[in-house]
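Going by Swiss-Prot, these are the annotated features:
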- 1-15: signal peptide (SIGNAL)
- 67: N-linked glycosylation site (CARBOHYD)
- 81: N-linked glycosylation site (CARBOHYD)
- 114: N-linked glycosylation site (CARBOHYD)
- 164-184: transmembrane segment (TRANSMEM)
- 192-212: transmembrane segment (TRANSMEM)
- 218-238: transmembrane segment (TRANSMEM)
- 267-287: transmembrane segment (TRANSMEM)
- 290-310: transmembrane segment (TRANSMEM)
- 408: N-linked glycosylation site (CARBOHYD)
- 465: N-linked glycosylation site (CARBOHYD)
- 517-526: compositional bias 'Polar residues' (COMPBIAS)
- 530-539: compositional bias 'Basic and acidic residues' (COMPBIAS)
């Protein structure tokens, strides 16, 4: 009973649709064959059922196919019912067919979401069918390309390549009017010029249709002329674009951008079969264009916050640098910072006279800025190695009964070092330390044979600064000292043993002088003189310091 009711409903609906038809149209669900006729006064009606109105068919196309290749042999019409199709046929055949619509304007494409009635008028036998493309990739390509064109319009209008490409393409299409324009200029205006001017675009459209219909034969038969035509038009278009040049003002860019975006929106609208999909896409693009700054900023800050929360709860492990990587990075960073310092000093607005007034040697600063010298000299490198990381525990002579105390009251002991057969003297270096905010004192031992020659300017003084023991000891002297020097206290040893075992000379880094005893009247040596003398002595001794690879000319002269 239910099946009978459903069949009656379907039959009633079909009868209602085809009530204006003399006979029921044939369904185009398969290939249909129609025989020849003597007269084409009557139309052959066919029926195409609509597809479901669903978004999956947004890029679907339905095409009508016949085996009649000559457009003059048949006429076809399409509409929503038989009455509409018959009316179109009657309008074309009035006045003996003078006002008949051109075959170029008749489309073989059917609306996939509407029930379509097709009428065919011909005297020839023919076959008719329907081809359904569920996904027309040409439509998909136009849709995606239009979206990309809309989003990149602001960048494309400022691109020189796009300017020349679009200009040449427009020139190639517009060149079809060249022949009509030349004829209009040469021919008499009253007889030929005005009709050509009025029908110029119609002639161009006809030429396009003719060329597209016979493209293959034209390319084969007139190959040289086609290549010459394209080459000439492209060269002329490129020359015109080169002469005018790309637009530079902001308003021209805005007009070009808006034009491209309007073209993109039109392509989106006509590339989709469903109006809802195309309208939604157009609305989303317009909203994105208006709220571009707020939208992108919100999305970016959302992901930044999400990344920060993730790093907080799941922090990444830090890989520590090994010694080679540390040295490589330190060397690279030092070079970069020194280059930045040179560039900063070379700038005119940085008051170079003020910078030179804040340094001890303006000449040395100038040589550093010009790249003639490094930021440190060989003497300073030698002094660093003499008093810094070159010194090991065995370079110091400590008694096992004594320990050192730092300003924060922490103790540390060093290994014992037994004196060899040769006696040693110590050289004390004073510098400002950043760890405790005070002046620090550091000493290095040298053999007695070296120190005797190194301290030769002070041999005649009776108030040589003696140490209190065989090691790195600092004495509490009744003579008042200037500055907050770090001091360590150790028990006194017999005076004779002190004098016999070790002596000490002080090198003050802050003042840049090697000073003798406080009561000495001898003039001190500069750090350069002191280091040059120490290197000369070091070359012939067993002093555990670095030897100079390239002796300077001043050293050779002193030797």
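Cβ coordinates are placed from backbone N, Cα and C, and glycine is handled just like the others.
Overlay of Swiss-Prot annotations on the structure.
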residue: 67; record: N-linked glycosylation site; DSSP (3 states): coil
residue: 81; record: N-linked glycosylation site; DSSP (3 states): coil
residue: 114; record: N-linked glycosylation site; DSSP (3 states): coil
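Residue 81 (N-linked glycosylation site) and residue 67 (N-linked glycosylation site) have their C-alpha atoms 24 Å apart, to the nearest angstrom. Note: the CA-CA distance between residue 67 (N-linked glycosylation site) and residue 114 (N-linked glycosylation site) rounds to 25 Å. Using a Cβ-Cβ cut-off under 8 Å and counting only residues 6 or more beyond its ends in the same chain, the transmembrane segment (290-310) has no close neighbours at all.
Ranking the glycosylation sites 67, 81 by C-beta neighbours within 10 Å puts 81 at the top.
Same-chain residues at least 6 positions away in sequence with a Cβ under 8 Å from that of residue 114 (N-linked glycosylation site) are, in sequence order, 50, 80.
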